[in-house]
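Below is one structure, written out as structure tokens; the observations come after it.
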Amino acid sequence: MAELVEVLLRVAVVLLAFLVVPLLVGQVEHKAMAHMQSRVGPMYAGGFHGWAQLVADGVKFVQKEDVVPAAADRTVFKMAPAVALLPYLVAMVAIPIGPGLVGQDLDIGLFFVVAVMGVGVVGTLMGGWSSANKFSLLGGIRVAAQLMAYELPFVLAAASVAMAAGTLSLTGIVEAWNPWWLLWQAPAALVFFVAGLAELQRPPFDIPVADAELVFGPYTEYGGLRFALFILAEYAGIVVLSALTAVLFLGGWHGPWEDQVGWLWTLAKTGLVAFVVVWVRVAYPRLREDQLQRLAWQGLVPLVLFQLAVTAIGVVVMSS
Amino acid sequence: MPLWWPLLLSSLLFAIGVYGVLVRRNAVLVLMGVELMLNAVNLNLVAFDAYFRDVLHGGQTFALFVIVIAAAEIGLGLAIVLLVFRTHGQIDVDTMRELADREEPAVAER
Amino acid sequence: MTVVEVLFLLLGLVAAGSALLVVTTRTMVHAALWLVVTLGAVAGIFLLLAAEFVAWVQILIYVGAVVVLLLFALMLTKAPTGPQPDLDARRALPAVAVAGLVLAVLGTTVVAGFHGVELDLDGAVVGSAQTTGATIFQQWVLPFEVLSVLLLAALVGAIVLSRGTGRRGGE
């Protein structure tokens with residue numbers, strides 16, 4: 001009985017975090033981006049610096065009419081947002097924020113998270129195809145091309161840190177982490193972060209939704225709550241990517257007074273990475289499709305292969 | 001669980017895959033049938049691995065190898081399909097008869 | 001009936017049903033999406049049969065890469081949104097006969113051969129990353145290396161195929 005209560009409690013906490021943290025990231029994006037562009041951003045909703053802007057947005061989205069294009073494939077069109085969102089919820093279950101503070105500690109947690117994250121893209125593809133809109137279809141094709149180019153460096157970068165730690169368990173990786181890994185695994189961290197951005201289709205890799213060319217890519221025909229779910233999936237993706245980067249490459253809960261406030265360190269590092277995600281959006285212009293492919297195949301893949309060799313040498317040298 | 005349950009399911013999946021390969025005209029759908037057949041094989045391997053309690057985990061290892069081969073197969077297969085689409089404008093496997101024997105005997109060139 | 005047996009039957013029904021839909025649906029992209037369901041159900045069965053690592057590899061490679069590739073190919077070959085009447089050749093009957101024959105032969109073989117044999121899953125060694133890695137790199141190293149050569153050959157082949165028209169244009 002006590003075990004059941006504990007499992008339910010863990011699931012409830014993960015669900016709560018899933019509903020709250022992406023909104024926090026969204027609010028940070030609103031405000032930080034505004035200030036970087038010398039604006040103030042939303043100021044009215046909720047009173048203090050527009051803290052309730054996203055809640056107001058949510059209410060607005062709920063009120064809107066649920067429109068399905070006449071030529072669309074109705075079932076697939078309606079299921080797509082859920083397929084895009086759910087994998088990130090499932091991925092969050094396996095990410096630890098402190099020793100023992102994890103929804104479900106899995107022996108192959110890293111593999112699980114990477115595998116599940118790849119499923120979310122199927123949702124975007126479903127949306128892009130089923131809308132029966134040429135811009136949506138082009139967006140879908142771009143999503144698929146982008147995913148195929150960046151999945152490889154993403155997984156290889158994760159494999160590098162797993163090799164260094166000698167385990168696929170996310171908790172085990174944090175426990176094996178050493179401050180000098182910041183140097184040793186730096187290329188992998190960079191590749192992981194950049195490829196993760198590209199998988200989430202975040203700027204500067206938002207070629208699939210490029211609003212000047214494709215209206216809004218795969219999401220063009222979506223409105224109301226379903227559109228909100230896609231946006232929520234994007235923010236949840238940022239949270240998962242930031243948390244993974246923090247856990248894999250930045251040492252998770254390692255830091256001063258880690259015995260007492262370890263989980264705070266994880267959250268702080270996650271927040272920092274999430275802020276960088278927003279920052280990158282403001283700082284860099286969008287890549288072209290050919291630049292995107294070149295970056296993946298001529299930049300990231302050779303770099304991460306080199307990193308794998310370096311990691312292998314390091315592991316062998318240290319174990320002997 | 002009786003061992004024949006997973007084996008029968010695997011046979012069923014394989015038969016469905018065979019049907020898909022035989023009946024579909026679109027090359028991509030034919031490839032999907034092949035994927036079903038490969039998955040049936042994997043199910044068989046994993047079931048026998050669990051049955052034999054193989055310390056070498058031969059069944060599971062072979063299932064992994066089959067998955068790798070399936071990935072290579074689908075990559076090459078789709079490259080061919082896209083090439084055919086580029087040169088022929090469609091990917092109906094029934095109309096690709098350039099390499100088939102002609103009705104009339106081939107005339108010697110020289 | 002144990003919990004594992006009930007789960008297996010449910011997943012088996014889902015896998016077989018969605019596989020049937022893969023080969024019979026009239027909408028091409030639906031076939032790819034039903035394939036996702038089939039592969040997911042088979043991955044669930046792998047989990048039940050103590051093959052944890054294989055199950056997640058199945059999700060990562062098949063759902064994450066193979067299905068995305070299939071969808072990509074369908075989109076690039078201009079698969080229409082609506083149902084297509086002429087997806088199947090006019091040879092459904094012989095195809096059903098052949099498939100039924102395959103099922104009959106394979107089915108009777110496995111049922112007759114392994115009737116009454118129990119698959120005992122209690123205490124089976126779960127194929128985790130550690131056990132799988134140890135067996136691959138201790139017992140199956142040579143096949144593993146051969147496989148890597150195969151992948152390299154496939155990679156080169158795919159590149160050569162994709163460049164095909166460009167070379168012809170240059171001649």
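Even glycines carry a Cβ here, placed using N, Cα and C.
If you check TrEMBL, you get these features:
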TRANSMEM  A:7-26  transmembrane segment
TRANSMEM  A:82-102  transmembrane segment
TRANSMEM  A:108-129  transmembrane segment
TRANSMEM  A:150-174  transmembrane segment
TRANSMEM  A:227-250  transmembrane segment
TRANSMEM  A:262-283  transmembrane segment
TRANSMEM  A:295-318  transmembrane segment
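The transmembrane segment (A:262-283) shares the most Cβ pairs under 8 Å with A:82-102, out of the stretches A:7-26, A:82-102, A:108-129, A:150-174. Of the candidate ranges A:7-26, A:82-102, A:150-174, A:227-250, A:295-318, A:82-102 contributes the most Cβ pairs within a distance under 8 Å of the transmembrane segment (A:108-129).
For the transmembrane segment (A:295-318), same-chain residues at least 6 beyond its ends with a Cβ under 8 Å from one of its own Cβ atoms are 149-150, 152-153, 156-157, 159-161, 163-164, 166, 184-185, 187-188, 190-191, 194-195, 198, 287. Among the recorded stretches A:7-26, A:82-102, A:150-174, the one sharing the largest number of Cβ pairs closer than 8 Å with the transmembrane segment (A:227-250) is A:82-102.
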